[in-house]
Amino acid sequence: MRLGGSTDTTALPRSTHLASADGAEHHHSAGELHLSPTGHLLVTVCLGFIGVMGIANNLLVLMLFCRCKVLRSPINLLLMNISLSDLLVCVLGTPFSFAASLQGHWLIGQMGCVWYGFVNTLFGIVSLMSLTILSYDRYITITGTTEADITNYNKTIVGIALSWIYSLMWTLPPLFGWSNYGPEGPGTTCSVNWQSKEVSSKSYIICLFIFCLLMPFLVIVYCYGKLVLAVRKLNLIWIEGWENKLLIMVTFMIICFLLCWLPYGIVALLATFGSPGLITPTASIIPSVLAKTSTVYNPIIYIFMNKQVSLNLETNAYANHCSKMRLNGISASYILSPSQSISSVLDYCKPN
């Protein structure tokens with residue numbers, strides 16, 4: 001498959017090249033893909049925020065899991081996998097789209113565009129599939145008849161491996177002729193070539209939509225819906241507060257999933273099957289930016305709302321505070337109850 005008609009690796013022309021599956025290029029003039037300077041500025045600000053917050057949140061999560069042995073449970077390995085894929089998106093993808101939006105055009109050539117489209121799609125699907133596996137794991141753990149084995153990492157490791165294999169299975173084909181990667185929207189980001197009218201590209205996009213967006217969404221809704229119903233059936237007074245929190249969290253997760261990924265999927269389908277020019281640059285860039293916000297909200301919902309993780313964060317902060325007080329000659333007994341031990345707090349989450 002020919003990736004582009006130019007060997008320039010520094011910048012794509014202002015008119016965007018879209019390579020079809022058969023090697024032909026489709027040119028869209030700058031007027032067709034025009035986004036106002038204000039529009040580029042807004043996209044730049046959004047991508048800058050997403051990049052900084054995504055790196056900070058996910059890096060903090062990974063550092064916390066590496067530092068605290070108590071957090072390394074099988075289910076938390078899935079959360080680590082989500083954070084790792086989201087962090088890689090922010091490090092290997094977001095800076096290029098940020099720079100492109102800042103300059104108003106793509107900067108790293110056709111090969112760079114293919115690279116960007118591939119890694120963003122790869123890590124995005126890994127994250128989505130990890131969330132799907134996580135929802136299924138929580139479902140069978142709560143509703144299953146056998147007690148969960150928190151020392152068995154085998155199933156979790158298999159699940160993580162499958163998330164990467166499944167993602168590669170859907171992101172490698174465009175590199176070998178089943179559709180392709182190219183610029184999208186105003187030409188400052190790259191993804192699967194939604195504009196191609198080739199039959200092979202359309203078939204790929206249909207499969208991608210069904211197996212990498214619709215199917216994960218249905219599994220997540222089903223599993224968490226069953227999970228909430230299972231908790232309600234327990235009919236215990238002490239669990240009512242936890243049930244409400246669970247329901248709020250699940251509702252929030254599903255809404256965020258819909259807001260971030262469904263608009264992108266719908267716009268992609270409209271760009272593929274709709275008439276030329278149906279999707280404007282603004283209509284295409286907004287869903288793309290929304291999808292990237294998943295790298296920010298994933299660690300907030302799935303990790304910082306995790307009581308075990310929150311407790312460790314508080315314990316670390318508390319331990320650091322105690323250490324500073326002791327260095328200043330202030331006894332820890334002033335802030336610890338008689339039943340507490342400063343050593344237990346300091347040792348609860350220590351480096352290995």
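Just so it is clear, glycine is given a Cβ too, placed from its N, Cα and C backbone atoms.
Not measured: the values here are computed from a predicted model.
For the domain 'G-protein coupled receptors family 1 profile' (57-302), the mean pLDDT of the prediction comes to 86. What TrEMBL lists as domain 'G-protein coupled receptors family 1 profile' is 57-302.
Per TrEMBL, transmembrane segment is recorded for 41-65 (among others). Using a Cβ-Cβ cut-off under 8 Å and counting only residues 6 or more beyond its ends in the same chain, the transmembrane segment (41-65) has close neighbours at 35, 71-72, 76, 79-80, 83-84, 86-87, 89-91, 94-95, 97-98, 101-102, 188, 285, 289, 292-293, 295-296, 298-300, 303-304, 309, 312-313, 316.
Packing against the transmembrane segment (77-102) from elsewhere in the chain are residues 40, 43-44, 47-48, 50-51, 54-55, 57-59, 61-62, 65, 108, 112, 116, 119-120, 123-124, 126-127, 130-131, 133-134, 137, 153, 156-157, 159-160, 163, 187-189, 292, 294-295, 298-299, 302-303, 306: each is 6 or more residues past its ends and has a CB under 8 Å from a CB in it. Taken from TrEMBL, the feature transmembrane segment applies to 77-102 (among others).
Within the chain, the transmembrane segment (114-136) has long-range Cβ neighbours (under 8 A, six or more residues past its boundaries) at 3, 75, 78-79, 81-82, 85-86, 88-89, 92-93, 96-97, 108, 159-160, 162-164, 166-168, 170-171, 174-175, 180-182, 189-192, 212-213, 215-216, 219-220, 223-224, 257, 261, 291, 294-295, 298, 302. Residues or ranges marked as transmembrane segment by TrEMBL: 114-136 (among others).
Residues or ranges marked as transmembrane segment by TrEMBL: 157-176 (among others).
Positions annotated as transmembrane segment by TrEMBL: 203-225 (among others).
Tertiary proximity for the transmembrane segment (246-273) is limited to same-chain residues at least six positions away from its ends with a CB under 8 Å from its CB atoms, namely 128, 131, 192, 194-196, 201-202, 205, 209, 213-214, 217, 220-221, 224-225, 227-228, 231, 279, 283-284, 286-288, 290-291, 293-294, 297, 301-302, 305. Marked as transmembrane segment by TrEMBL: 246-273 (among others).
As annotated by TrEMBL, transmembrane segment applies to 285-305 (among others).
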